[in-house]
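Report on the structure given below.
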Amino acid sequence: MPTFDDILEQVGEFGRFQKQTFFVLCLLSAAFTPIYVGVVFFGFTPEHRCFSPGVVELSQRCGWSLAEQLNHTVPEWGGHGTTFGSRCRRYDVDWNATGLSCTDPLGSLAGNRSSVPLSPCRDGWLYDYPGTSLVTEFNLVCEDSWKLDLFQSSVNAGFFIGSVNIGYIADRFGRKFCLLTTILANVVCGILLVFVPSYLWIVIFRFLQGLVSKGCWTAGYILVTEVVGPQYRRTVGILYQTAFSVGLLVFDAIAYAIPHWRWLQLTVTLPSCFFLLFHWFLPESPRWLISQGKNDEAKKIVSDIAKKNRKKMPSHFEDIKFEDDDEGGKQSPSLIDLVRTPQMRKNTLILMYNWFTSSVLYQGLIMHMGLAGGNIYLDFLYSALVEFPAAFIIIITIDRVGRRYPWAAANLVAGAACLVTALIPADIYWLKLIAACLGRMGITMAFEMVCFVNTELYPTYIRNLGVMVCSALCDVGGIVVPFIVYRLVEIWHELPLVVFTVLGLIAGGLVLLLPETKGRVLPETVEDVENFHRQSAPKDKKIYLHVQTSEVARD
């Protein structure tokens, strides 16, 4: 009796139908980029200094250049040397006072610059940036700089809460329904975010975007892997994630062309309206339909697959149903099962840590790059380009070398590259950038590998729960990483990289403690996990399609 995968062999495992579905869902994956890493451009923090009334008039009267104006009127940034002006303090003097010297205005007031009192920026800030960002519009600097951390943490908090609920919707009401509803909610929130006037409402709508967007991306991932044959499933999953990397390049180009954050937000949101056309172009997952007993709808989609792929198919399906040879031995998933036995406990803790680390390093390196002081658009471009060789390396190594060693090496490279980047002097910027890009490539590999290795280390009855619980640490990492980057950089600019080094090296070492899953059948029970060296294949729960075998043979 053939399985659904056997039927795909008849009607096409990756034909025109699957390629069309894959292409439109890759567009969805690419569109997720501005939500996940948009803080780099939406929340860009340019060089800034206190606005001091009277400084511009005095500078014009004295004929100062900008460098001279800064030297005479902006105090030094404590601990950063004489070449760095303070961003949060100003001289508490009246620059409109008469008798100020053009050669040494502070000396004519106090005799010694160090004795001039300082005060906070009471009249706002001046930003060396031709465009606008959340930071420049709402002055999210100095005492309010934590609000930028909150902006990014809010979207990750939405990821954390929404991924569970959206996952339930996808399993209960279907992949297609889940995609369409979350796309609509994402578009509405994205457009409203453009027009709301207050910081609080921006954070609220950003949270709501996170609530639906990651679940939408995940539903697309599930759907694209469910409509292709088994031999294409892993490659298609990796390429779906690579489409996100393409989105990075497109987002970078759009941000370069539109340096105003509200217009940028509107520009990257409006194209998502076209995704609502998925209602007519995207199929429901036939596997999900069969699991829900909607046999007639599943038959129609299988027929459409065969027709579009120009393949013949069995002319008549008698029945579609689940068949489980061990109905009496079903187990109910429980959280305690994830840590009940030694190997399960080890797998769970290591996977949770690696999800957390992958998120912290991936998002953290992108955020830190935005503070590096170079050309943010070129730096973002270079770091995005390295994600493509990362995907290529994964594809060629996972079935040749295995999972464990490339995964461990990727974490170790990422951690070591962060340390090297921190130690390279700022005046050798090109070398610093190369090291940072190597770190980005390493953590991209680690992030993509933890996605599918996680599914290979849990038994069938608890696999979805295991992935859900472990990957939740990814969102926890996303919540804390803005505070790690933006707070620690005020102590020492490279301190976040040192933290990333420690996290990455530990993650690489822990991966080596996991069992190798290359060539192994997926475990069905906890006993299979505890005895992973066993090579015998357990019985798989499959979707069987009863067909007229004579018709299959004839076709």
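From the backbone N, Cα and C atoms, a Cβ is placed for every residue, glycine too.
Annotated features in TrEMBL:
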- 21-44: transmembrane segment (TRANSMEM)
- 100-519: domain 'Major facilitator superfamily (MFS) profile' (DOMAIN)
- 150-170: transmembrane segment (TRANSMEM)
- 177-196: transmembrane segment (TRANSMEM)
- 202-224: transmembrane segment (TRANSMEM)
- 236-257: transmembrane segment (TRANSMEM)
- 263-282: transmembrane segment (TRANSMEM)
- 350-370: transmembrane segment (TRANSMEM)
- 376-398: transmembrane segment (TRANSMEM)
- 405-424: transmembrane segment (TRANSMEM)
- 430-453: transmembrane segment (TRANSMEM)
- 465-489: transmembrane segment (TRANSMEM)
- 495-514: transmembrane segment (TRANSMEM)
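Using a cut-off of 8 Å between Cβ atoms, the transmembrane segment (150-170) and the transmembrane segment (405-424) share fewer than three residue pairs, counting only pairs 6 or more apart in sequence.
Of the candidate ranges 202-224, 376-398, 495-514, 495-514 has the most C-beta pairs within less than 8 angstroms of the transmembrane segment (405-424). The transmembrane segment (430-453) and the transmembrane segment (263-282) are not in contact, since fewer than 3 Cβ pairs between them lie under 8 Å (pairs 6 or more apart in sequence). Within the same chain, residues 20-21, 24-25, 27-28, 31, 34, 38, 41-42, 176, 179-180, 183-184, 186-187, 190-191, 193-194, 223, 251, 254-255 sit at least 6 positions outside the transmembrane segment (263-282) and bring their C-beta atoms closer than 8 Å to a C-beta of that stretch.
Within the same chain, residues 129, 133-135, 140, 148, 151-152, 155, 179, 183, 186, 209-210, 213-214, 216-217, 220-221, 223-224, 227-228, 236, 239-241, 243-244, 246-248, 250-251, 255, 261, 264-265, 268-269, 271-272, 275, 278, 281-283, 363, 366-367, 369-370, 376, 380, 482 sit at least 6 positions outside the transmembrane segment (21-44) and bring their C-beta atoms closer than 8 Å to a C-beta of that stretch. Confidence over the domain 'Major facilitator superfamily (MFS) profile' (100-519), given as mean pLDDT on the 0 to 100 scale, stands at 86.
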